[in-house]
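These notes are about the structure you will find just below.
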């Protein structure tokens, strides 16, 4: 039983049912995008207590706006974790802030269309939607006018190989397609949808466009085939309109208009038309089989038809290629096997695409394959290759003729066709394309079957092209084609796509000869098959946990074999058409890759990229570091990346695309983990947008040093770990609290302890431009809001006429409050801000001719020399020459210079000049020393003027101050920093960039303020200056 106090709390909380007998429920809330969270009551827990937790439910896994059901939003981990306050009262967070909403699909994504009532759609089952369409598309004109010729050329032995090889290609593709279809919900778009969701928008976008175009041109090809058959009938009956070419154009255009009318009328009418055409086609096929058993008339015998005869069958076994070969015959037949995607292309109009596409497609391949084999073998067993058609070429009874050679079967049946060896005959399977009409029981039925085959294929292509094209346009991969994404009517018919397909079809019909274009169409289809097979292989190879197809009868290596086979067949059919196809695919692939559409479909390409990255990172762990392979890998304490552009740009110049760059931010007790995660994604997107090859990372800690220490210790992965810490100089160190200064110098000490190379950037005007960026963003936001408000007011003004004036006036009054746009800054402030932004973005611009002055004073392993050399290899610094400054002893300047020159030659590092400075030991000027003393005066202890007791007490109370003893101990080092600044002012004042060896303060010996004073006086009043200290491990070598 529950405690009374708990029940009372439940009754007082509005998020719970007042009866206390029911668990809590979610209130309905609206989101900015117009979507709603459905009220979904919590279940009574099976564990005996009330809970916000939910039992597993399919609605939690739907996409936003799913067409198959409303999406429910489960409570977030944050809501479950923080539901009870510390005082025991229950506090349910506002469910509108559910973090899950951030993962909703992007606008325009096909999976995220607005919910619609499923009852108004016309949906097809697997028979009418897939099986019938695929069979009609596969049974083309080839069945009636080319199949007998193929078996005449290749013989039925190799003819079977031709059909089986074609079926192998289509079957492997069908198996791969079945696996992909059953690995999640399938939407409209057919082959494009399958490929794009598996391999990503680059492959999907390229193949989707050419596949839609191929289907549009296929309409013209099938219609021209139909028109040619009609023209032959007109010719037989002396009813030619103009001439062959123009008659084909006229008949073709009229036909495609009628087909367009059927398609636009809706999928339901198109499906009914397909059923009628299927019946005609089936009757025509049966008519062929019936004709083979009807006794042959003398006229048919003279044309080579002898009913079933074993000798005829055996004579037709061997090939008899005439101006052809196996591959050319295969190329002519293979288009007859295409059409297996006819069902998948209307996947959006199927009741259950996951079940319908595999079942219907594979069964269609089996039925049509058996039909092709059956018809071909029947013709091979009844028709000889050559016949004269002359009824008088019979062998008279009693004539003693030895029957042998190519015409033995006809000879033994009493016919002499030996004259065909001398002059070309017009009949027989090798010479007459109308063999099926002759063999059939009733010839006109074959003509009707030819009409049915051509029109059904044309109709299927006319429907497929707009559907695929619409799906492609809805994904907005090609923004210029967005116009064609709109659908009309209850079935979301792509009327605009139909019109475009009609225009393309008519354009090619007017050519009236598609013999050259037909191979390209076949290659486009084969390219789709190859990518479907490769998609299945790729997804299996990636071994992503999300690859869980319900269809198990596939094999990744079989899919790869199918992809290779499709590519090979493309070249067999027509090598130049294959090259054109690949060229178009590559061009479109590159275009989509460059445009980078804003979609994320969880493709296998992403999965393989991840696997490759992990494997490469693991491989690197087994390789020891070598000085020749050293490259800068920077951990950059930029804060938000956009706030310190100079620091980020310089780090980017060091790493470019060849090294690791981590931009890091430390939040000091000011952010929650939720804010941190949101900032991570936002800042990473900003880096990607600015084309900075860098990662963003952030931590929340009690102080800056603790956060930086965490980053220094755990950043990176395996060998992909940063080896350089980059920071900006703390310009305000004299005005902030000591804790901040101690934290800053502590980070430098930690970097030395963790053996990081350390890089410090100082720019006289400072590095942080966050206040300027914030002001710009607020101003731009205000301007945009003002524009939106004006648009809204304009809409209200345009509504209705005088009858609505009153309501418009009130509406305007409601919209009138102006947006708080930032007041314009003074001209002086704008000038200062512009100058500051210009200085801090100078590394984004190409540097003019000048110098990079490198003061390599201490040997730190070579990092002080390597980093400026890397800069000179970048485009932005290519006009800058490097000058080297080194410390030398008086009297041996030339010798020191030659030694350094020799070393640089061995390192293969070019420099314009080498300067040896031999007067470092001179004392700095009194003015500069006074500047330094004034700098440290507020932080000095001055215990020397006190008694011993008082001095000791002062030291204990102010341990952080600079003592006189400390100044005496490090007097020479302090003098060096002041003197070095004088030399820098003297020699490098005009340099584009100065690089100086960073001084190191001994931990526990040098106070924080003295160390900051060294760094400050060393870099004071100079051009952009970088202080560098390597980790004293070699990063340069002169060995090969």
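Placed from the backbone N, Cα and C atoms, the Cβ positions cover glycine too.
The feature domain 'Amino acid permease/ SLC12A' is assigned by TrEMBL to 129-635.
The feature transmembrane segment is assigned by TrEMBL to 130-151 (among others).
Look at TrEMBL and you will find 157-186 (among others) tagged as transmembrane segment.
For 207-228 (among others), the entry in TrEMBL reads transmembrane segment. Within its own chain, the transmembrane segment (207-228) is flanked in space by residues 140-141, 189, 191-192, 195-196, 247-249, 251-252, 255-256, 259, 345, 450-451, 454-455, 457-458, 461-462, 464-466, 468-469, 471-472, 477-478, 500-501, 504-509, 511-514, 517-518, 520-521, 524-525, 527-528, 531, 581, 584-585, 588, which lie at least six positions past its ends and keep a Cβ under 8 Å from the stretch.
According to TrEMBL, the feature transmembrane segment maps to 248-268 (among others).
According to TrEMBL, the transmembrane segment annotation covers 275-296 (among others).
Same-chain neighbours of the transmembrane segment (326-348): 124, 129-131, 133-134, 136-138, 140, 142-143, 146-147, 150, 153-154, 158, 162-163, 165-167, 169-170, 173-174, 177, 181, 186-191, 193-194, 215, 267, 319, 356-357, 360-361, 364-365, 368, 372, 457, 460, 463-464, 467-468, 471, 492, 518-519, 521-522, 525-526, 528-529, 569, 572-574, counting only residues six or more beyond its ends whose CB sits under 8 Å from a CB of the stretch. TrEMBL lists 326-348 (among others) with the feature transmembrane segment.
Residues annotated as transmembrane segment in TrEMBL: 360-384 (among others).
Marked as transmembrane segment by TrEMBL: 442-463 (among others). Outside the transmembrane segment (442-463), and at least 6 residues removed from its termini, the chain residues within Cβ reach (under 8 Å) are 133, 136-137, 139-141, 143-145, 215-216, 218-219, 222-223, 225-226, 229, 233, 255-256, 259-260, 262-263, 267, 270, 273-274, 277-278, 280-281, 283-285, 287-288, 291, 339, 342, 345-346, 434, 436, 498, 501-502, 505.
Marked as transmembrane segment by TrEMBL: 498-518 (among others).
Residues or ranges marked as transmembrane segment in TrEMBL: 554-577 (among others).
According to TrEMBL, the feature region 'Disordered' maps to 794-817.
What TrEMBL records for 802-811 is compositional bias 'Basic residues'.
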Which range out of 248-268, 275-296, 360-384 gives the transmembrane segment (130-151) the most CB pairs under 8 Å?
360-384
Other parts of the chain folded back onto the transmembrane segment (360-384), taken as Cβ under 8 Å at six or more residues beyond its ends
126-127, 129-131, 133-135, 138-139, 143, 147-148, 150-151, 155-156, 159-160, 163-164, 167, 170-171, 174-175, 177-178, 285, 288-289, 292, 304-310, 312-313, 315-316, 336-337, 340, 343-344, 407, 409-410, 417, 428-429, 435-436, 438-439
